[in-house]
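Input: a single structure, listed below in structure tokens.
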There are 2 protein chains.
Amino acid sequence: MGIVVQKYGGSSVADAAGIKRVAQRIVATRKLGHDVVVVVSAMGDTTDDLIDLANEVSPLPPARELDMLLTAGERISMAVLAMAIQSLGHEARSFTGSQAGVITDAEHGRAKIIDVTPGRIRAAIDEGAIAIVAGFQGVSQTTKDITTLGRGGSDTTAVALAVALKADVCEIYSDVDGIFTADPRIEPRARKVPRISYEETLEMAAQGAKILHLRCVEYARRYDMPIHVRSSFSDKEGTWVVKAEDVRQEDSSMEAAIITGVAHDRSQAKITVVGVPDKPGEAAALFRAVADAQINIDMIVQNVSAAATGLTDISFTLPRGEGQTAMTALDRIKEAVGFDSLQYDDSVGKVSIVGAGMSSAPGISARFFEALSEAGVNIEMISTSEIRVSVVVAETQVQDAVNAAHAAFDLGSDEIEAVVYGGTGR
Amino acid sequence: MGIVVQKYGGSSVADAAGIKRVAQRIVATRKLGHDVVVVVSAMGDTTDDLIDLANEVSPLPPARELDMLLTAGERISMAVLAMAIQSLGHEARSFTGSQAGVITDAEHGRAKIIDVTPGRIRAAIDEGAIAIVAGFQGVSQTTKDITTLGRGGSDTTAVALAVALKADVCEIYSDVDGIFTADPRIEPRARKVPRISYEETLEMAAQGAKILHLRCVEYARRYDMPIHVRSSFSDKEGTWVVKAEDVRQEDSSMEAAIITGVAHDRSQAKITVVGVPDKPGEAAALFRAVADAQINIDMIVQNVSAAATGLTDISFTLPRGEGQTAMTALDRIKEAVGFDSLQYDDSVGKVSIVGAGMSSAPGISARFFEALSEAGVNIEMISTSEIRVSVVVAETQVQDAVNAAHAAFDLGSDEIEAVVYGGTGR
């Protein structure tokens, strides 16, 4: 049997009872004959508690020291998990990111993995031990300082180790049963997807579905590492994230679904710049100002200019947390660009349909927009990609929009599956 | 100016306020022009909390994983302390024991330092930074696993780093003002000793005075590193632990004190083996049995054998926590050795007078025993060394014995110094 890499998030190891439960699951996998490598996040709220402590002594904790501090969280969970496994009679050894050979650049707080040299992990599993690795952390190749990988870091650690160890699969455990056709909290008929392509998963994640972090899916896609997303609270099969060919192959016997799922995102805001002179370079000046403020914008819509005035309106969406900064940056260039005013709206939401079958099926956008119209949902902005159509709507209409899209593309199951749906850890 | 190594125990960094206070003290030392290297213990009860967590998942936590777990404590305190110093405008960098070059053997939980290679610490201070080092921990030379040094580990880390860096002094901070002529909690006239030799400090510590751990004093003595024991809660000069010549030199103008201090110890028990056949090899068999049970015995007294019976009684003291094990081990060889019975007494205490001047001054023991007699204290056992006389008395008479000895050798000050007296951290 081959190597299985399993990643458990903070909610799965929130307390001693959770750690014991996870330990039993790991031992069960070991007993099937697999070599098991486990990546673990910090227990429950540990990371937040450590950040609070840092803020008590420093208004702006230095990044190097914050990384040193936060990595204590995984150190605790991995050691305790190794103890719990050993008390079940199986050899287990914990390793820090550095010991596991997770080599990164020196960007504290958002380091990128540049190499994985898991010699000690391989030695441990060759000796029959279960290896427990701290997620979210590594060591800088240049400074030898401890680094953290930022959001989604533990998922990325797991996939990177799985690739380096040539594992059969990377299992990502959370408190969710898998990837669903929509968020079950707002769409009771949401159905678990058995298989989904890396590309669709990336689009779903980018459009707000709280499944897997983009980085980890991109890493898995690049090296073609299958990810099995499943719940640590049940034994159910979860969702397999694989390459598109493998999804098609599996689905060949039945008619392939055109749409895989509906994602929604309530974390964005919309800024409209009113009365922009419709001359070359004006839009560029606006977006340069926003980019210089380190803000990631998402969708952009420019109205057709009114011939009489020679003025146009430009709207774009961005993360709500960055709204204030963007408004300040734009206000600073108001006179230079010569626009009339700024409007800020944080009561918007984005709803997207995602599906690899979309590119070969005409009329998808039309069916989506008709469904929204019939549900009385007003579309404020539209953007599309090869395998996705997104709309911005009023936040109060997000749920209606998701339900309408889900029904229009027959995504629902006949019975309502009982699931817990939460955010992914780090 | 040279290098100053400062060690702060867990009670000095129990919370964010404590860490800020310590940060200010460190910065003040830096402003005097010294290069500063700080060794820090885990915050307050962190270590106990982590041990509790380990016990929740494992009845007997494996030593390697326990070390991995416990070292998270110093990781937290050192990172937060570095942050607090940086927020005061001074560069500070934290280092794990491994990063600081603390190389140990592979004995988890009680590793010995076998080398210190502080290249990264020297680089940090050469660049003008304050280096913060995790106490109590190192890395095994052979297995590359993280180790802990056991009790007194942080003090030992500090002295070892001071030696490796050729520091001017190793300052050990706690919540006590220094080393006293007796425990001020039971001897209100106890006086802080300005200077004391390594040898006297070792005897005081071995006889129960909760000052410094034996290991750290032995290390300092071997490499002649001056230790300055002082309080992190005051700016008072503390006690300098130095070589005997330096104590004498300093005290040459006044009449040297014969006795430096009175130590007491309430942690011991006494076992008496009654009716041992007075033949060669019987005592050896008894103590071999106790030694095989890994028990450290302290004082031994053998009565003169009664000629009529050819039987003798042998008494010895040992740590109370090991009483049960020793009694079981002895009971197992009762028939083989042929003794009558075992008596166990854990209501004993040990009181010792310590002083380098003792060896050249006759009549010290006599004066000590007379003082005890006048105070109505009954002596159960006696042992002596070059610079120490110890007696075992009933636990209820420990305080009377300390007070009597303190007065008999004129150790008291005229005024009562206000001090806090607590245990040393790890």
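Backbone N, Cα and C atoms are what each Cβ position is placed from, and that goes for glycine too.
DSSP assigns A:ARG185 (ATP binding site) to coil in the three-state reduction, outside any helix or strand. For A:LYS7, A:TYR8, A:GLY9, A:GLY10, A:ARG185, the entry in TrEMBL reads ATP binding site.
Within the same chain, residues at least six positions away from A:GLU74 (substrate binding site) with a Cβ under 8 Å of its Cβ are A:VAL40, A:SER41, A:ALA42, A:THR96, A:GLY97, A:ALA134, A:GLY135, A:PHE136, A:GLN137, A:SER154. TrEMBL lists A:THR47, A:GLU74 with the feature substrate binding site.
TrEMBL lists A:271-356 with the feature domain 'ACT'.
In this structure, the binding-site residues A:GLY9, A:GLY10 were compared by how many other Cβ atoms lie within 10 Å of their Cβ, and the smallest count belongs to A:GLY9. Under the DSSP three-state reduction, A:GLU74 (substrate binding site) is assigned to helix. A:THR47 (substrate binding site) and A:ARG185 (ATP binding site) are 26 Å apart (CA-CA, integer value).
A distance of 12 Å separates the Cα atom of A:GLY9 (ATP binding site) from that of A:THR47 (substrate binding site).
In the domain 'ACT' (A:271-356), helix, strand and coil residues by DSSP number 29 helix, 32 strand, 25 coil. Under the three-state DSSP scheme, A:LYS7 (ATP binding site) falls in the strand class. Among the binding-site residues A:LYS7, A:ARG185, the residue whose Cβ has the fewest other Cβ atoms within 10 Å is A:ARG185.
Across the fold, the C-alpha of A:GLY10 (ATP binding site) and the C-alpha of A:THR47 (substrate binding site) stand 9 Å from each other.
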